[in-house]
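Here is what TrEMBL records for this protein:
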- 61-82: transmembrane segment (TRANSMEM)
- 102-121: transmembrane segment (TRANSMEM)
- 142-165: transmembrane segment (TRANSMEM)
- 171-192: transmembrane segment (TRANSMEM)
- 331-350: transmembrane segment (TRANSMEM)
- 370-390: transmembrane segment (TRANSMEM)
- 411-434: transmembrane segment (TRANSMEM)
- 454-475: transmembrane segment (TRANSMEM)
- 495-516: transmembrane segment (TRANSMEM)
Amino acid sequence: MAGLTLAAGGWTMNLIVYLIEEFNVKSIDAAQISNVVNGCTTLFPVLGAILADSFMGCYSVIWISSLISLMGIVLLTLTATLDSLRPPPCKTGTSICAHPSRIQSAVLFSGIALAALGMAGTRFTLGTMGANQFLKAKHQGIFFNWYFITMYTSVVLSVTAIIYVENDVSWGWGFGLCVLANALGSAIFMLGGRFYHNVKPQGSPFMGLACVLVAATRKRKLLLPQKGEDYYHEAHDGITKMVDKTAPTNTFKFLNHAALTTEGDTRSDGSIAKPWRLCTVQQVEDLKTLIRILPLWSTGIFLSTPLGIQASLTVLQALTMDRRLGPHFKIPAGTMIVFVLISTSIFLTLVDRFILPAWKRLTGRYPTPLQRIGVGHVLNVLSMAVSALVEAKRLKAARSPHLRDQNGSSVVPMSVFWLIAPLAIAGIGEAFHFPGQVALYYQEFPVSLKSTSTAVVALFIGVAFYLSTAVVDLVRRVTAWLPDDINHGRIDDVYWVVVVVGVLNFGYYLICAWFYKYRNQGKVEDESSASDNSG
C-alpha cells in the first residue's frame, strides 16, 4: 500500500504541471485531463472489487494491477527522459508552442491509462485482502486504522518529496522514484504470497440483486398474497435456516413478486430450481434498502463535484502566484493539495477526541452519520465561497496597472499561501462527511454487500470528477471565464456558481435525510459511537 500510493501520488498530483510544461498542453485542457484521470481511479476500483469477489480473488487482482501500474509509470518515465517522446519547448519570447505528435501523444496517454488502471485495481482490494488476514473485528479495525494512516502518510510524502524532485531536479528522476516505489511495493507483496490467507471468490452479490429485478418482472402479473409462507425464505444452497417467515415489506411492492413461490420454482430439497425466476425475501429486502438509500447517495455526487473543480483550478491559480518560501525554495503548484490532506488528518483526530465527546455532553448522544455528513456539506459550501473571495483578490492584483502582461500567465504579486484557507476548510469538511458517508453505508447496506459498501463512496467521487470535467467544459463553451490565461478570466465566478450548486444540493440533502429512516434505528447511536472510536 505504501509503495503503490507513493508511486501513484507522485504522478497524479503533478500531472497538470507536467502536461503544461513538458507537452505544451493548454492549462484548462490539462486540468480536464487530470479530472478524467481522477475519475477513472475512483470509478474503476468498483470493477476491481467485482472481479476480486466474483472471479479472480484479491491476490490475483492486486499483483496484476500492480504490474499494469508499473508498466504505465515506466512509459511516463520514458516520456520524461527521452527527448524524442516530447514536443520541443515553446519558443522563448513568443507564445508559439509545438503540439505533441501522434506517437508522443500515444505513448503519453498509454502510460497515463495503464498507470491509472493499475492504481484503481489495487485501491480497495488491498484493504479487503488485508482485513481478510484477521478473524476478529477488533483486529480488522486496527488494520484499517493503519491502512488509512499509511495511505495519508504516503500521499503527503509523494506530494512533497517526489513532486519537489520532479519540479526542482528533473521529471525523469521524479518518475523514476515512482517506478522504484511501485516495483518495491509489488515485489514485497508477491514475496509474501505463500503466507497470505486467500479467500476464494464467492460470486458477486450484484447477481442476486439483478435476479430480483428479472424475477419480479417475469412474475409481475401474479397477485401478491399477504401470508409469509407463500414467499421463499430458504438459503441459496437449499439448507433450511430458522428464519422468521414473514411477508416482505410493503414498500416497493412490485419487487415482492421476485420472492413469490410458484409451481416448479423449487426442487424437492427446497433449493431454487430456476434462479432467475425466484429469489429470497432477504434479497428482495436488500434491493429495497439500496433503492431507499440511493437519493442520499446521489447527494454525494454534488458534494464531491465542487472539490474536483477546486482541486484542478487551485493548481492553475498556484502557477500564477508567488510560490517562494525563503530565498531558495519555491513551493510546487501540484503540492497544494497536501493542505487538504493535512487538514483532514488533523481534524480527524480532533473530531474523534474532542468534538464528538463535546457533542455527546451537550446532546446526550453521539452525532448520527447523517448529521456528520450535513456538517460536511456546510463546510464544503464555505470552502468554495472562500475560494471565490481569494480568487477575486488574486484577479485584482493581476489586473493592477503596474503588472505588465507577459507570455502565458503572469506571476501575480500575491502569496500562494492565500489558497491554504479554502483548502483547509475543504479538508475539515472531509473529516466530517467522509467518515460519515463510510459509516452510513456500512451501517445501512445489506450484510451481503458489506465489502462493497465503502466502494460506493469511491463510485460517486468518480462520477463527481467526470461531472466536474463536464461543468468546466460547459463553462468554457458558454462563458469567457476560463481562458488559457486565467488572469484574463473569472474563476471567482466559477466558484460562486459552485457555491449556488452546493447550497441547492444541501437543501436536497436535508429533504432526503428528513425522510430517510435508518434500517436499524435502535443501533444508530451505538454503531456511530463504535465507528468513531475505531477511527
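All positions are counted from 1 along the displayed chain.
Backbone N, Cα and C define each Cβ position, glycine as well.
Only residues 6 or more beyond the boundaries of the transmembrane segment (495-516), in the same chain, are considered here, and those with a CB under 8 A from a CB of the stretch are 292-293, 295-296, 299, 302-303, 305-306, 309-310, 313, 370, 373-374, 377-378, 380-381, 384-385, 387-388, 391, 475.
Counting C-beta pairs under 8 angstroms (sequence separation of 6 or more), the transmembrane segment (331-350) fails to reach the transmembrane segment (454-475), with fewer than 3 such pairs.
By the Cβ criterion (distance under 8 Å, sequence gap of 6 or more), the transmembrane segment (142-165) is counted as touching the transmembrane segment (171-192), at least 3 such pairs being found. Using a Cβ-Cβ cut-off under 8 Å and counting only residues 6 or more beyond its ends in the same chain, the transmembrane segment (454-475) has close neighbours at 28, 31-32, 35-36, 38-46, 49, 123-124, 297-298, 300-309, 312, 434, 437-438, 441-442, 481-482, 494, 497. Same-chain neighbours of the transmembrane segment (171-192): 1-4, 6-8, 10-11, 14, 18, 22, 62-63, 66-67, 69-70, 73-74, 76-77, 80-81, 158, 162-163, 165, counting only residues six or more beyond its ends whose CB sits under 8 Å from a CB of the stretch.
The list of residues near the transmembrane segment (370-390) in space but at least 6 beyond its ends in sequence, with Cβ under 8 angstroms from a Cβ of it, reads 296, 299, 303, 306-307, 310, 313-314, 418-419, 421-423, 425-426, 428-430, 432-437, 439-440, 492-493, 495-496, 498-499, 502-503, 505-506, 509-510, 513, 516.
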